[in-house]
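A.B. asks: Provided herewith is a single structure, encoded as structure tokens, for subsequent inquiry.
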Amino acid sequence: MTVRIVARGASTNRTTRPPDRRPASRQWSAWAFLAPVTLYLALFYAYPLYRNADLSLRDYTVRSFVQGDAPFTGLENYRKVFDDPAFGPALTHTIVFTAVCLVFQYAIGLALAVFFHQRFRLSATLRALFLVPWLLPLIVSASSWSWMLNSDSGVVNAALHVIGVGPVHWLTSPSWSLTSVIIANIWIGVPFNLVLLHSGLQSIPRNLYEAAALDGASAWQRFWRITFPLLRPVSAVTLLLGLVYTLKVFDIIWIMTKGGPAGSSTTFATWSYRLGFGSLLPAFGPGAAVGNLLVVAALAFGLVYLRLQRKQALS
Amino acid sequence: MTRAPDRTWWQTAVGLLLTAIMLFPVYWMLNVSFTRDQDMRKSPPDWFPVHGTLDGYRAVLDQQLPYLATSLVIALGTVVLTVALAAPAGYALAKLRPRGGGVLGFLLLVAQMIPGIIMAMGFYAIYLQLGLLQSVPGLIVADSTLAVPFAVLIFTAFMSGIPGELLQAAQMDGARALRTFWSVVLPMSRNAVVTVSLFAFLWSWSDFVFASTLAGGGTHEPITLGIYHYIGNNNQEWNAVMATAVVASLPATVILVLAQRYVAAGVTAGAVKD
């Protein structure tokens, strides 16, 4: 999925917390309440991640995967992945996919947020309807787009035919497949950007605009001199969250193109899946290695996001 | 505040147009779900289901009900598991504030950022050994990882807002922490419970990654796999595919109509500083 939500860190409460008054009994009961979720984190986050790291450091076959006696091979799987001719294209596609999606989701989301920030009849209702693409199951969105982009019977090519453009092989031509999944993913990500940026707009005092209007500032100037600079903290949060969530998009690409044709829409996420599950002869080790590279990238940007958020919370 | 209505009608018109463009793929899904097989490859396609048919929906009733039932069980199971794990944790982090709670909160934020496909691979390795592949409880546990970190953070944020005096009063009456949680904090956190349940349900219902890795080929497959098999097997009956997609979208639609304010609250909760 493109984007999911994240809630405010529990750690932001820290500033109001009296540091000394923690009776021991309260400590005990607090950790009794936390025990289930702590155990859960260890069993269902830490352990799968550990297994994944372990997978990437051993030479697994289907037999040794079941029996668990695969030989330790160090970083061999990572070397294999880096040397793979598919590595370069997958890296490029991941970067292009993420960057293009982010730019368009943000730009469209911002334009819509500014538009819906005006008060007019139905604006709240229509804004709510914009959430629909984000709430639909990804398999639903992906299969709808697949059929709309179908070369022979898709409505997109039918519309292009009307304006005199020949059929585009959206999903079956290597030069268009990446564009197609990017279009679908932008569509899914716009609502998230719209909602976040719209709530950011509401915190900008309206009298600033009135004052600027009195001084003769045009709507264009008001946007670039007031809205955009004052929205910067919210924009940064939106873009970073979008980045973390776009990096790991898998469903859309896999359902629409399976990363093909000929690897033309393969990103790290779909490559990892293809290696691990996509064929009759699974390559669990290299698959896990690709996945771990993705984890490292997601966590790196995730930490930047958390740092930024804490800085904003303190200021 | 409110301007004269004659100055805003064109904005409403533009807004309607933008919404129509945005929702066109959804409309098209509906349109195709009512289209007859023989009209499916017509060029140009019918923009409205003039020769509408319910064949697609009949196919859903004939073939997809077991998938839908499985999805319902899994989604409800995920909701129960998520709330049961996250509500006590939120209470502890918000009100009891133990040493190390900040670290746990941080780990939960980080956990949200791990790509699902990586988690799926780890779960696959573990479930293979435990014999939990293609089982409903296994999928419930895996799906709950989509929601638990978010849920803890929502509960923490919400329960921080409960006045401390109320809890102290309960403690004066001799209520232990567990009683306080159960009979004071939880009833007051109804809105948080609703928000968390909605999202846990929706994410579990929509999950494709865990379903395809952990439940593929089993006797209990969720609806996302039902649609996926459809796409793979019969490329001809797109009305059936799209009818299934429409049915699979019903929970999202119902939630948007009935509980819109919870959805908006969930999206913005904390991602933007209030």
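Placed from the backbone N, Cα and C atoms, the Cβ positions cover glycine too.
Below, the features straight out of TrEMBL:
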- B:12-30: transmembrane segment (TRANSMEM)
- B:67-94: transmembrane segment (TRANSMEM)
- B:68-259: domain 'ABC transmembrane type-1' (DOMAIN)
- B:106-127: transmembrane segment (TRANSMEM)
- B:139-159: transmembrane segment (TRANSMEM)
- B:180-205: transmembrane segment (TRANSMEM)
- B:238-259: transmembrane segment (TRANSMEM)
A.B. asks: Answer with yes or no whether the transmembrane segment (B:238-259) touches the transmembrane segment (B:12-30) by the criterion of at least three Cβ pairs under 8 A, sequence separation 6 or more.
C.D. replies: yes
A.B. asks: Top stretch among B:67-94, B:106-127, B:139-159, B:180-205 for CB pairs under 8 A with the transmembrane segment (B:238-259)?
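C.D. replies: Top-ranked stretch among B:67-94, B:106-127, B:139-159, B:180-205: B:180-205.
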A.B. asks: If we skip the immediate neighbours and take only residues 6+ beyond the ends of the transmembrane segment (B:180-205), which ones have a Cβ under 8 Å from one of its Cβ atoms?
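C.D. replies: Sequence-remote neighbours of the transmembrane segment (B:180-205) are 71-72, 74-79, 82-83, 86-88, 90-91, 95, 140, 143-144, 146-147, 150-151, 154-155, 158-159, 162, 166-167, 170-171, 222-223, 248, 251-252, 255, 259, 262-263, 265-266, 269.
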